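Reading through the structure tokens given below for one structure.
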Amino acid sequence: MQQINEDACVRGCHEIRDVQEERDQGSSFHVEFKDSSDPRSALTEADSRAQKAIVAALKQDWGPELRIIGEEDPKDGFLSVATNKTALRINLCSSIFKEDCDMQTLSDIIVFVDPLDGTREFVEGRLQNCQVLIGISVGGIASAGAIGIPFPTGNLDESPTVVYGKVGLGHGIIGSPLPNAHGRIPLSQPLLATGDTILPIMAEARRIVQEHFGGINCLYGGAGNKILAAALGLVDCTIQHKFGGPWDTCAPAAVLKSMGGEITDLLGEDLSVYQEGEQEQSTRRGFVATGRNSLIPHKVLVAALQESKRITTYING
């Protein structure tokens, strides 16, 4: 199943790129907000078109019994949209993922889709932060994922890149290698990736990383973008105090772990957001992610965060 995920991811990327190309040519660009007071709740045509393309393709190949949960509310017509589409390709990553490794009971599987992680960044034109996330949860555990990058160079010059991985099996990349937007600064390592929030809880997390481990903070938009940066070794760690739902973390968490990285909540426990009934509490505990070669040991980082009264009060609040 993971093999066709990559093709679905590519299709989502192309839908987003089509919207951006129309936008560049002067077409009208409408933005809705689920929460008028929160710019991160933006919803665009790119979100809906990408989700339709992804869900329709997956449903067409796997049937209506496949459980798909997306960030955007499902719309009628997913299956009809896919009627005239070609079948998903299953050979994009066949060198790693063999058919017998993908045999699972569909009742154990949930596919989590974020058609455009970083919608706010898309609206603001910070295109290098945008991603398409398709994650596979098996038995409540993030097991495989594909991360599509519609704009690898921050514009339409390069074709989409897909980074994929399956925990315990392998990982790979389709398309061009990703450039490092921030670069490495040897005298200022390690690097922490966070968003631009000024909330006290995140200010405290940044302070702890700086005081305990040194280094600087790098601004990254989108949950998937932050976790992928840690997975690829572009940063040493990323911390987020909360996130929207399992669609934000399933794909990047699986890719990170397939590359030897670690991800937990702020308490150091495995993310339980992929299990029914656990979403609200788990998303509030946020995430901490470190790459395989991180200069900051994961357990040491979590322990340092838990020493903070402000952070423990937030978690227990």
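Placement of Cβ uses the backbone N, Cα and C atoms for every residue, glycine included.
In TrEMBL, annotation is done automatically, which means it is predicted and not curated.
Features as listed in TrEMBL:
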type: COMPBIAS; residues: 22-38; note: compositional bias 'Basic and acidic residues'
type: REGION; residues: 22-41; note: region 'Disordered'
type: BINDING; residues: Glu71, Asp114, Leu116, Asp117, Asp248; note: Mg(2+) binding site
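Annotated features, which come from TrEMBL, shown on the structure.
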residue : record              : DSSP class
Glu71   : Mg(2+) binding site : coil
Asp114  : Mg(2+) binding site : strand
Asp248  : Mg(2+) binding site : helix
- What is the one among the binding-site residues Glu71, Asp114, Asp117, Asp248 whose Cβ has the most other Cβ atoms less than or equal to 10 Å away? Asp114
- What are the non-local neighbours of Leu116 (Mg(2+) binding site), defined as same-chain residues 6+ apart in sequence with CB under 8 A from its CB? Gly12, Ile16, Thr44, Ala46, Asp47, Ala50, Phe122, Cys130, Gln131, Val132
- Message: Quick check: with Glu71, Asp114, Leu116, Asp117, Asp248 left out, which same-chain residues have Cβ atoms within 8 Å of the centroid of the Mg(2+) site Cβ atoms?
- Response: Val113, Pro115, Gly118, Thr119, Gln131, Leu133, Gly222, Ala223, Gly224, Gly244, Trp247
